[in-house]
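Feature list (source: Swiss-Prot):
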type	residues	note
REGION	1-399	region 'Carboxyphosphate synthetic domain'
BINDING	R127, R167, G173, G174, K206, L208, E213, G239, V240, H241, Q282, E296	ATP 1 binding site
DOMAIN	131-325	domain 'ATP-grasp 1'
BINDING	Q282, E296	Mg(2+) 1 binding site
BINDING	Q282, E296	Mn(2+) 1 binding site
BINDING	E296, N298	Mn(2+) 2 binding site
BINDING	E296, N298	Mg(2+) 2 binding site
REGION	400-548	region 'Oligomerization domain'
REGION	549-930	region 'Carbamoyl phosphate synthetic domain'
DOMAIN	673-863	domain 'ATP-grasp 2'
BINDING	R709, K748, I750, E755, G779, V780, H781, S782, Q822, E834	ATP 2 binding site
BINDING	Q822, E834	Mg(2+) 3 binding site
BINDING	Q822, E834	Mn(2+) 3 binding site
BINDING	E834, N836	Mg(2+) 4 binding site
BINDING	E834, N836	Mn(2+) 4 binding site
DOMAIN	930-1051	domain 'MGS-like'
REGION	931-1051	region 'Allosteric domain'
Amino acid sequence: MKETPKKVLVIGSGPIKIAEAAEFDYSGSQALKALKEEGIETVLVNSNVATVQTSKKFADKLYMLPVVWWAVEKVIEKERPDGIMIGFGGQTALNVGVDLHKKGVLQKYGVKVLGTQIDGIEKALSREKFRETMIENNLPVPPSLSARSEEEAIKNAKIVGYPVMVRVSFNLGGRGSMVAWTEEDLKKNIRRALSQSYIGEVLIEKYLYHWIELEYEVMRDKKGNSSVIACIENLDPMGVHTGESTVVAPCQTLDNLEYQNMRTYTIEVARSINLIGECNVQFALNPRGYEYYIIETNPRMSRSSALASKATGYPLAYVSAKLALGYELHEVINKVSGRTCACFEPSLDYIVTKIPRWDLSKFENVDQSLATEMMSVGEVMSIGRSFEESLQKAVRMLDIGEPGVVGGKIYEAKMSKVEALKYLKERRPYWFLYVAKAFKEGATIDEVYEVTGISKFFLNKIKGLVDFYETLKILKEIDEETLKLAKKLGFSDEQISKALNKSTQYVRKIRDQSNIIPVVKLIDTLAGEWPSVTNYMYLTYNGTEDDLEFSQGNKLLIVGAGGFRIGVSVEFDWSVVSLMEAASKYFDEVAVLNYNPETVSTDWDIARKLYFDEINVERVLDLIKKEKFRYVATFSGGQIGNSIAKELEENGVRLLGTSGSSVDIAENREKFSKLLDKLGISQPNWVSATSLEEIKKFVNEVGFPVLVRPSYVLSGSSMKIAYSEEELYEYVRRATEISPKYPVVISKYIENAIEAEVDGVSDGNRVLGITLEHVEEAGVHSGDATMSIPFRKLSENSVNKMRENVLSLARELNIKGPFNVQFVVKDNTPHIIELNLRASRSMPFSSKAKGINLINEAMKAIFNGLDFSEDYYEPPSKYWAVKSPQFSWSQLRGTYPFLGPEMKSTGEAASFGVTFYDALLKSWLSSIPNRIPNKNGIALVYGDKNLDYLKDTAVNLVKFGLTVYSISELPLQGIETIDKTKAEELVRAKKVEIVVTDGYLKKFDYNIRRTAVDYNIPVILNGRLGYEVSKAFLDYDSLTFFEISEYGGGI
């Protein structure tokens, strides 16, 4: 019999970090929907302001608080839920659940854990308990021993035998894990590994070099009924984290015996931890015989379960929530197919490929090799009817400037076979591009296998693409059959045109004349074997007819955000989903085009139609030809939509909202700067970098520092502050590489200025605007800045000038829809530095802070005009809201943590408060690993910028009860100093509670900053923020814990 609790508390995952991303927005949203269907009151704790999940329609009550046990206890005390779900918020939620159990909070308030119980979670996540459980159940695990100290680890590694894999218990993204080939390797890194475990435990395991890694996803109900939903094959071998791996589903190289044996083991693993809901089980398979080991299991929704859900069309999170309530598998209907029960195991008539996306170029000193720790910030998922088609589509989806596996920058680069094989041995990201290059330069299958361990099945497929492309290159014209084969192999019009040395228009014209067009296929989870109703589609050239008839009417296509990267994350998915809902009032049919498996926008029940496919001009034109969309919306999905807006308009596509020509003016630094001059709007002095002589002349006039800004980029890509001629020329070179078609603008960098922004909506005549103020000074990228609503330090006079400037731009560019304007304010004079004619990164925050959905208002503005009489309207603030960045320094091996004009954060958290400091502290504490320092501990405060703020920070921390040291090489007046060597020793000994620093000091303090983040010690990288946070520590006892509506926020 199923349980029906009256009120359930759902724990979210907090801000996005590497290895814990938007998949938990998707899974948490589905869990909340499943609970709502049962008439259960829901309470959500999640500080991630950017998510769809933290909108009021999902949970009955929302608490935007740090996802830590003591904050959740306050909610439990107030709300008194009957049950708690901890399996839908990643490792963060599981850790909170275990803490609440161990501290007796759940028992005290009579709160029942729904789904897999705490003892099952501990069996799965403690490496030692998992190993013991597998052995007790006669399930195969690699030779291994656990350790809780450096000495024990070294002793056990000798017993197991080198090389060893060090796995970390209760851990996220493989943080701290490693392969140690020698005792010296182990000694060097074992302390970090132990520091990254929530329970201080590691497993020393025999390293299975070049074994195949596989994952199975399994559902299990309270009666023990199980369904295996997917088998996912990692192309990268053991030793590369699964989140870093290119994967395919269904698995391609297993024979039936291997598949069935591991399927049986998967069900046994689920039984051994008494799973109720969903888990994934990871296996290692010896490529030379029938030998396999169980590696680990995650007893919760995970990144791979989100992928499996989107790959198969099976709603894992929804079903898992129903099972947690006590339903049996046969009682739950698969909402995607609409006809089958959840006990049906999916069958696929297509191949899915997932590729991670890295942004390592943004980080100094970062280790570029793929290994046991996850470093990718996003992923893409493609669907095709051959491996080649699926892989090539996925490469284009990465949006890294490569047209497919072959024919791009790496393929045509000057690189020898030896160099290509060297890159492969080093396991660089996007290895398949180097595989293709190696084959082009004459490498054999065996040579590539030797350095990569990638199955020869896949290597042969990539070699086939190389051979075909090289054949294409010697053709003068292309015949119909060859063109058809090229499209079936996943070649884009751009790739084909490059091979033939023709234009893409030429290739498209031949395709149209020959009627070589893609067909639309449905994903129904059953490979067409069973009747189903579905709205989940992809395009392929490996088919003869469409699976559906296309409707007529007033239709809209919304372009999604694609794969996440630094600067494009879940906040843009919030905008896409908000637009879907708002647009349904104005259109007969709304479809979305996106390919990110982590998101809510790619869920089956959000859009009327979901096209899981590429976002580029070729694919959008294909869809318009079939669907006859009246409008295409490119403004909600971040930079990717804006990048194709102008070309779509040139091809006759009607864009919803602001015109492509206006977008081009805003995105082109030179055109935009000239427009500001024309309107008499103040901006920092600038020059377009057309020649080095011009740059020299400009710098001689304005002096250093200057800012180097490329065009058409997001997250400040290659945006740098240059303090010398040498830096300037290097930064100009890089900026020209990243955006070669557009001019680079050099502008004067205004020091010690306040940075502020306006998120807004316009109908071309009036503006609805929300002002945000940064805590850090101008020069820190807005995505890395701490923001407050309302503003604090800006004068009313400055804000009124900002509003006048915004209104002038809205009217001049005829802005219709959402926008964001960034200012630096010095001596009460605002200077515009940027205009984005799209939904912005901060829009979920500003919307939720003011209680007004700017995307809804954007649709009103486009179709009906804004409904207020003033030229410019800003809704009043009832309380304070503060947004803080989440950095993932600890995942990015070796990188130097510092802040500048190029974005480095991976996520954001926000909180509300009755004072600025109430909101600030809860927001800052929401980002991992931030915490309140233990009194009587040590703080390090030093730097070469914002010295007055650093000194006041130190004074506040002394008042709070810490012993504060500055560093003798960078002394602060009145603060006790120690030398750098002593400071490094204190950090390594984990005696330091917090580090507050400012400036770029890599040659001086690399070891301090790096060791601090490796050991999970909070680090504040800006003196102004350090001052405000240290002041907030003094008011720690007066934090408030209200539901979002009580602060007047939420939408």
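Positions of Cβ are set from backbone N, Cα and C atoms, glycine also.
On the structure: features taken from Swiss-Prot.
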residue : record                : DSSP class
R127    : ATP 1 binding site    : helix
G173    : ATP 1 binding site    : coil
K206    : ATP 1 binding site    : strand
V240    : ATP 1 binding site    : coil
Q282    : ATP 1 binding site    : strand
E296    : Mg(2+) 1 binding site : strand
R709    : ATP 2 binding site    : strand
I750    : ATP 2 binding site    : coil
Q822    : ATP 2 binding site    : strand
E834    : Mg(2+) 3 binding site : strand
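Taking CA atoms as the reference points, G779 (ATP 2 binding site) and N836 (Mg(2+) 4 binding site) are 18 Å apart.
N836 (Mg(2+) 4 binding site) has Q822 nearby among the binding-site residues K206, Q282, N298, R709, H781, Q822, counting only those with a Cα within 10 angstroms of its own Cα. R127 (ATP 1 binding site) is 48 Å away from Q822 (ATP 2 binding site) when you measure Cα to Cα.
Mean model confidence of the region 'Allosteric domain' (931-1051) amounts to 97 (pLDDT, 0 to 100 scale). Helix, strand and coil counts under DSSP for the region 'Oligomerization domain' (400-548) come to 72 helix, 10 strand, 67 coil. In this structure, the C-alpha atom of G173 (ATP 1 binding site) lies 12 angstrom from that of N298 (Mn(2+) 2 binding site). Rounded to a whole number, the C-alpha distance linking V240 (ATP 1 binding site) with R709 (ATP 2 binding site) is 35 angstrom. Per DSSP, the secondary structure of the domain 'MGS-like' (930-1051) breaks down as 54 helix, 23 strand, 45 coil. Of all the binding-site residues given, namely R709, I750, H781, E834, none has its Cα within 10 Å of the Cα of Q282 (ATP 1 binding site). Of all the binding-site residues in the list E296, I750, H781, E834, the shortest Cα-Cα distance to R127 (ATP 1 binding site) is found for E296. Taking the Cα atom of each, K206 (ATP 1 binding site) and N298 (Mn(2+) 2 binding site) are about 21 angstrom apart. You'll find the Cα of E213 (ATP 1 binding site) roughly 52 Å from the Cα of I750 (ATP 2 binding site). Here the candidates are the binding-site residues R709, I750, H781, E834, and by Cα distance the one nearest E296 (Mg(2+) 1 binding site) turns out to be H781. Each residue contributes its Cα atom, and for R709 (ATP 2 binding site) and N298 (Mn(2+) 2 binding site) those atoms are 43 Å apart.
The Cβ of I750 (ATP 2 binding site) lies under 8 Å from the Cβ of P684, A778, V824, K826, H831, each of these being in the same chain and 6 or more residues away along the sequence. Here ATP 1 is bound by R127, R167, G173, G174, K206, L208, E213, G239, V240, H241, Q282, E296 per the record. The longest Cα to Cα distance in that group is 20 Å. Cβ packing within 10 Å was compared across the binding-site residues E296, E834, and the lowest neighbour count falls to E834. Classification of H781 (ATP 2 binding site) by DSSP places it in coil, neither helical nor stranded.
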